[in-house]
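Per Swiss-Prot, the features are as follows:
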| type | residues | note |
| --- | --- | --- |
| REGION | 1-281 | region 'Amidoligase domain' |
| BINDING | Ser23, Lys202, Thr203, Lys204, Pro205, Thr206, Gln207, Lys238 | UTP binding site |
| BINDING | Ser23, Asp162, Ile163, Glu164, Lys202, Thr203, Lys204, Pro205, Thr206, Gln207, Lys238 | CTP binding site |
| BINDING | Ser24, Leu25, Gly26, Lys27, Gly28, Leu29, Asp81 | ATP binding site |
| BINDING | Asp81, Glu155 | Mg(2+) binding site |
| DOMAIN | 306-554 | domain 'Glutamine amidotransferase type-1' |
| BINDING | Gly369, Leu397, Gly398, Leu399, Gln400, Glu419, Arg480 | L-glutamine binding site |
| ACT_SITE | Cys396 | active site, nucleophile |
| ACT_SITE | His527 | active site |
| ACT_SITE | Glu529 | active site |
Amino acid sequence: MPALRKHPQTATKHLFVTGGVVSSLGKGLTGSSLGQLLTARGLQVTMQKLDPYLNVDPGTMNPFQHGEVFVTEDGAETDLDVGHYERFLDRNLSGSANVTTGQIYSSVIAKERRGEYLGDTVQVIPHITDEIKSRIVAMAAPDEHGNRPDVVITEVGGTVGDIESLPFLEAARQVRHEVGRENCFFLHCSLVPYMAPSGELKTKPTQHSVAALRSIGIQPDALILRCDRDVPEALKNKIALMCDVDIDGVISTPDAPSIYDIPKVLHREELDAYVVRRLNLPFRDVDWTQWNDLLKRVHEPHETVRIALVGKYIDLSDAYLSVTEALRAGGFFHHAKVEMRWVASDDCELDSGAAAALADVDGVLIPGGFGIRGIEGKIGAISYARKRGLPVLGLCLGLQCIVIEAARSVGITGANSAEFDPATPDPVISTMADQRDAVAGEADLGGTMRLGAYPAVLEEDSIVARAYQATEVSERHRHRYEVNNAYRDRIAESGLRFSGTSPDGHLVEFVEYDAEQHPFLVGTQAHPELKSRPTRPHPLFAAFIGAALDYKAAERLPVEIPEQRSNGVELLQEPASRG
């Protein structure tokens, strides 16, 4: 591996990613991909998202509006872009990686009430911007091992010109002034639309976007030109001239075949080389060993497997972003392409509906969610799959639905969750003791669930222990309800096994059927998808995809469960690329 080139020691560098013209240009993926490139050059990189909405966090936001809530190890409910950061950087981030306007104003108002401003008139400048700056600069603090990041990449949410983003942009401008221009870099993402009638690419939106950014005191150092095709050199030269950006900093980023190709696109345009030169960073050549192996698995699969995701929020795929990425990573482990079948849970309430939706799939995933809508459909999908030996993986609410279905199968006909039916005679899923006030409306809903990483102990001979190759694991959680221990013995009569619990044995963390009864029907109260990486697939997802591939390869029996079938777990080994 090439050694780092020697340069004088410098302070942590700050790189800000902004966006203009329209939203959804891929600022998060651009920043994540650049972070991956800098990491592959031997640099320590961390990332942060500044969100301009007034919510304190996305924990209580509608999934149809916001997408998934990404939970960090320390229990913060954050924006889904933080998931991209973790997956591309292959490192865990904390709650400080996501800052919202709601957090900033809450903190400033609390300080004012405590008298910390000593009678000052509290204003956006300096008090709000100072609070934002303190969150940005805090990202440069040493980690638990004493290592200070070389680069902090901060994505500023929203679009330049939006009133909500102005305090964050002003704070970023002030950071550049305070840490020094040589230690700060602004990367602006803009749209270059193609006008089909005239057959032209238009640069005027980008010029106007940069003009708006310059009007508030920020001159971008580089431009990411988003387009459905390559931007010709002549247009790049024009944009460089009109926007006063070095030609080396004008980066064409046409649509890529997959999100994992974006680092290659940026590297081809030499953005990473330009950044390390401008910031005078120590660096080595990019080590592509791991990423090239990933891209080979992405683009050259040996086989295909079809997975049904039976969910409530399928109209917005971002509501299940980490789940779908974890499934794809599980496929990469087996050199397989995962085809997603999006199934509305309501469609599976009747066995005929489940048969129509699931007849030609190789596995069923039941993701998390809240509320009663679609629950009977999730349970119906589990019942259909259980009777046919179809592999199932249930996450959080998915585990609870597996337990309800098992209870009903042994005659507990009223089995339900206290969440869906508070008056149920058989609450096999009950409210956690410390969550009752929140459920009753007597405490805040936001930030009060069982959140973050918790340990679990697995039974040695279980499917999940073989998948993890361990009996002590830690996973991230986000829930208020748990398996009711009073029903464990009766539910076990169905053959469902409580194969993992909290260390004290009180809280059920994993359930499964023995392989002799079903090849792979596993549920976890956790959200293991949050810890999956494209280069290090989560073992539970890799095992699930392995079982689905086995199911596809075997003769499908319409009703009878096969006596023996490999569950794919024994295939799990550390691939050379996982490092």
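Residue numbering: from 1, along the chain as shown.
Here the Cβ of each residue, glycine as well, is placed from N, Cα and C on the backbone.
The structure, with features from Swiss-Prot marked on it.
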{"residue": "Lys27", "record": "ATP binding site", "CB count, 10 Å": "24"}
{"residue": "Asp81", "record": "ATP binding site", "CB count, 10 Å": "24"}
{"residue": "Ile163", "record": "CTP binding site", "CB count, 10 Å": "8"}
{"residue": "Thr203", "record": "UTP binding site", "CB count, 10 Å": "19"}
{"residue": "Pro205", "record": "UTP binding site", "CB count, 10 Å": "15"}
{"residue": "Thr206", "record": "UTP binding site", "CB count, 10 Å": "28"}
{"residue": "Gly369", "record": "L-glutamine binding site", "CB count, 10 Å": "21"}
{"residue": "Cys396", "record": "active site, nucleophile", "CB count, 10 Å": "23"}
{"residue": "Leu397", "record": "L-glutamine binding site", "CB count, 10 Å": "25"}
{"residue": "Leu399", "record": "L-glutamine binding site", "CB count, 10 Å": "27"}
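The two recorded residues Lys27 (ATP binding site) and Ile163 (CTP binding site) have their Cα atoms spaced 19 Å from each other. Mean model confidence of the domain 'Glutamine amidotransferase type-1' (306-554) amounts to 94 (pLDDT, 0 to 100 scale). Of all the Cβ atoms in the protein chains shown, 11 others lie within 10 Å of the Cβ of Lys204 (UTP binding site). According to its DSSP assignment, Glu155 (Mg(2+) binding site) is in a strand.
A straight line from the CA of Glu155 (Mg(2+) binding site) to the CA of Asp81 (ATP binding site) spans 9 Å. Between the binding-site residues Gly26, Gly28, Gly398, the minimum number of other C-beta atoms within 10 Å of a residue's C-beta occurs at Gly26.
When every Cα pair among Ser24, Leu25, Gly26, Lys27, Gly28, Leu29, Asp81 is compared, the largest distance found for this ATP site is 13 Å.
Here His527 (active site) comes close to Val71, Ser322, Gly368, Leu395, Cys396, Glu475, Arg476, His477, Arg478: these same-chain residues lie at least six apart in sequence, with C-beta atoms under 8 angstroms from its C-beta. According to DSSP, Gly26 (ATP binding site) is assigned to coil rather than to any helix or strand. Rounded to a whole number, the distance between the Cα atoms of Thr206 (UTP binding site) and Gly26 (ATP binding site) is 15 Å.
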